[in-house]
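Single-structure report; data block below.
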């Protein structure tokens with residue numbers, strides 16, 4: 001019984017291996033693995049070469065040499081992208097090379113691809129934060145108004161969340177807040193930049209400037225509040241004076257009417273009344289009539 005089972009199992013295995021061998025499946029699998037490893041190696045080689053060319057372009061003093069080296073770096077980045085389209089580092093390298101050539105719009109498009117969900121998985125948090133900072137920097141260079149500033153603030157907020165040691169990101173975030181007239185947030189951002197980089201002259205000057213601005217703004221607010229209270233008190237005093245004058249005229253009119261009725265109707269007795277201004281006229285007349293009809 002066991003011999004039959006083992007024989008059947010051996011026959012099945014031989015059949016499977018013969019089927020795989022007839023269709024060259026093992027060879028295809030090994031070729032694919034070998035090609036993938038070789039493609040990754042080639043992509044990394046092109047990326048490293050492009051990074052070296054970019055560093056040379058940045059350090060070059062000649063404009064023509066800088067442009068030429070940046071173009072070569074862009075070419076190496078494109079080769080790396082063709083071999084590994086999911087590697088965000090190659091897109092970032094391409095964006096930096098394009099920015100160095102002055103093509104900011106194309107550089108921004110390349111960074112958008114690098115930060116897309118498909119490619120961003122290959123980046124660490126710090127690398128993603130640096131890419132967000134670079135994208136915000138490009139946005140501010142292209143448009144320092146309206147939606148450009150709002151979009152840059154969004155990128156910089158994420159960048160400082162991913163890497164709290166990026167002093168340049170805090171400084172740029174403070175500049176964006178200044179443009180939006182958000183003085184308190186701008187000062188807080190520059191203070192964070194000073195914590196990260198205590199030697200930053202830009203952040204220190206901004207904190208001093210914004211501190212003075214905030215102090216003067218506080219003084220102005222207090223002065224406006226004081227003026228508002230004085231104006232309110234003045235209005236209240238004017239209202240009280242107007243009511244007093246109105247009450248005086250009302251009392252004088254009642255006294256004049258009292259005298260007029262005494263002369264015209266010849267009441268036998270009219271008391272000296274000083275009715276309150278709130279006393280109704282019919283009630284006052286009825287009260288006066290009842291007193292005058294009393295016997296002497």
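Yeah, the Cβs are placed from backbone N, Cα and C, and that goes for glycine too.
Note: TrEMBL annotation is automatic and uncurated.
The feature repeat 'TPR' is assigned by TrEMBL to 167-200. The transmembrane segment feature in TrEMBL is assigned to 6-26.
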Item to check | Three-state composition of the repeat 'TPR' (167-200), taking helix and strand from DSSP | outcome: 27 helix, 0 strand, 7 coil
Next on the checklist: Within the repeat 'TPR' (167-200), what mean pLDDT does the predicted structure show?
Outcome noted: 89
